[in-house]
Amino acid sequence: MSKGERVLAFGTLALTALAVLPVLTVLYLATGLAGDNWQHLIETVLPGAVWTTILLLLGVGLLTLSVGVTTAWLVTMCRFPGQRFFDVALLIPLAVPTYIIAFSYVEILDYTGIVQSTLRDLFGFQTSRDYWFPEIRSLGGAIFVMGFVLYPYVYLTARASFLIQSAGTLDVSRTLGAGPLRLFFRVALPLARPAIAVGVTLALMETLNDIGAVTFFGVKTLTFSVYETWLNRSSLTGAAQLASVMLLIVFGLIWLEHYARRRQRFYQSNGSETRALPSYTLVGTRAWLAIAACALPILLGFVFPALLLASRALRRTEEFFNPALWQAAQNTIWLAVIAAVVSIGVSLALAYNRRISPTPLTSTLGRLASIGYAVPGTILAVGILFPVAALDNVVANAMRDMFGVSTGLILIGSGTALVYAYVVRFLAVSYGQIDSGFGKISPNLDMASRTLGENALGTLRRIHMPLLKPVLSSAMLLAFVEVMKELPATLLLRPFNFETLATTVYNAASREAFEEAAFPALFIVLVGIVPVALLARTTVKTFRQKQSTRSLAMAPPLTAEAEKA
């Protein structure tokens, strides 16, 4: 092993340690300090917070499951007007953070919102006692909003699973007299169950991470309780203990995903069969029902909130020239660029170390470093503040003793702690793509480079980097957008008097100044559409290639005369 390779190996070990440090810190704070806090939390906070969190996860899981699987089955197995459009459009709600959709629906469905105000005007109602209307600021409202924003996770995994299922298996079922419903419930759904479980798990992780929607709706989940305990009660230890309970739920969800992936090999077909899947052509009422089933999630999860944001922005066009808005946009862009660049650098080191030394240890380091994506931003913020603040105090004391200079909390005050949280939280986004990109580069190029006398770092710079440019660009874009939308970690770790677009939206919505929140929210939505468009393009390309392959496989064999021609 050369000197450069040893430096890379030790460097990746240190980077992995930094990535898992927040989780270890939370566990230490929860078990090693102020153990008497547990009794207080168990008596006052934990029962209600845990029960509410479980109900929220169950509700969102059922809604995303039903919407995602139904729409995936319709666009994959049925033919109806607009089917190709819905194939892509059903991904659009992924572009919008849940907290933006949440405050939009508060504006639409609350007592002073558009819907209830219109009802009172039409029917002459004077007060809320004169009629019944579902309360949007409730657990049911949170389930409704999160379900229609997060269902694309299930849609993507279910649709992919339906596409690769064995055509022969489905044909045999139809030959034995199985109708569409029986084929779906008896054959296709059991085959897709592992993939669907992965999609539901991802949706539930996003639900657990949310702080904006549950705050707007007044739903006291564990995430909300961590935030309230830390900021309102000034108890970092209590927040850490609550966060440790969240970690148990996260580990349970991770176990569920891994269990589903392990079982997937027993359910999936071998993928070698290229005959076209049997499909159902829908006409008349059935076609209209399919169109409605696919259009409703798009309308509820994107179109209605986006129209509201646009109308509110047009009412307050002067907000576009608000210096505070552009300062928040500048802060957001700088943070996102710095965090994305650091994420790319760390991911390159981890992935390249795994390539030049493909051992179980390097693979484990990559997986450990990516664990932050499964951990809610609130937990990461708690786990980062303690060690960073301790280091800040050491530096401040040293500078004061040695030079008589008061530096304050440099790492927290400069935003370094916030960038650290972003990198840990979204490292998996860039690492997964870069590691996959390395896997597509032939090892023969490495051997040829080494034969010509180039070392490992030179091979990376001259051979791999040019080949990885598209992957690096895509990974940086995705990391940039994820950082822009992140709210929990930003709320808890931002420097004093420092605002981003996400915190601007949150603060304005918390004051119910919805029109002030419209422009920053629209900006986040428009930027968020970019990765969804890239994902949709990749999805459509894959789908068309698969359809083309199937068409070729179904073509009749050439005759001898045709072969001669």
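From the backbone N, Cα and C atoms, a Cβ is placed for every residue, glycine too.
What TrEMBL lists as transmembrane segment is 7-30, 50-76, 88-106, 136-156, 183-205, 238-256, 287-313, 333-353, 365-390, 402-423, 467-484, 517-536. The feature domain 'ABC transmembrane type-1' is assigned by TrEMBL to 50-255, 329-535.
If one looks beyond the transmembrane segment (287-313) by at least 6 residues along the same chain, the residues whose Cβ comes under 8 Å of a Cβ in the stretch are 67, 70-71, 74-75, 78, 80-83, 86, 89-90, 92-93, 95-96, 100-101, 104-105, 107-108, 114, 148-149, 151, 319-320, 514-515, 517-519, 521-522, 525.
Counted over residue pairs separated by six or more positions, the transmembrane segment (402-423) shares fewer than 3 Cβ pairs under 8 angstroms with the transmembrane segment (517-536), which leaves the two as not touching. The recorded stretches the transmembrane segment (467-484) and the transmembrane segment (183-205) do not share 3+ CB pairs below 8 A when only pairs 6 or more apart in sequence are counted, and are therefore not in contact. Between the transmembrane segment (7-30) and the transmembrane segment (238-256), the number of CB pairs under 8 angstroms, six or more residues apart, is three or more, so the stretches are in contact. For the transmembrane segment (88-106), the list of distant contacts is 71, 75, 113, 136-137, 141-142, 144-146, 148-153, 155-156, 206, 210-213, 216-217, 294, 297-298, 301-302, 304-306, 308-309, 485, 487, 502, 505-506, 509, 514, 517, 521, 524-525, 528-529, 531-532, 535-536, 539-540: same-chain residues at least six beyond its ends, Cβ to Cβ under 8 Å.
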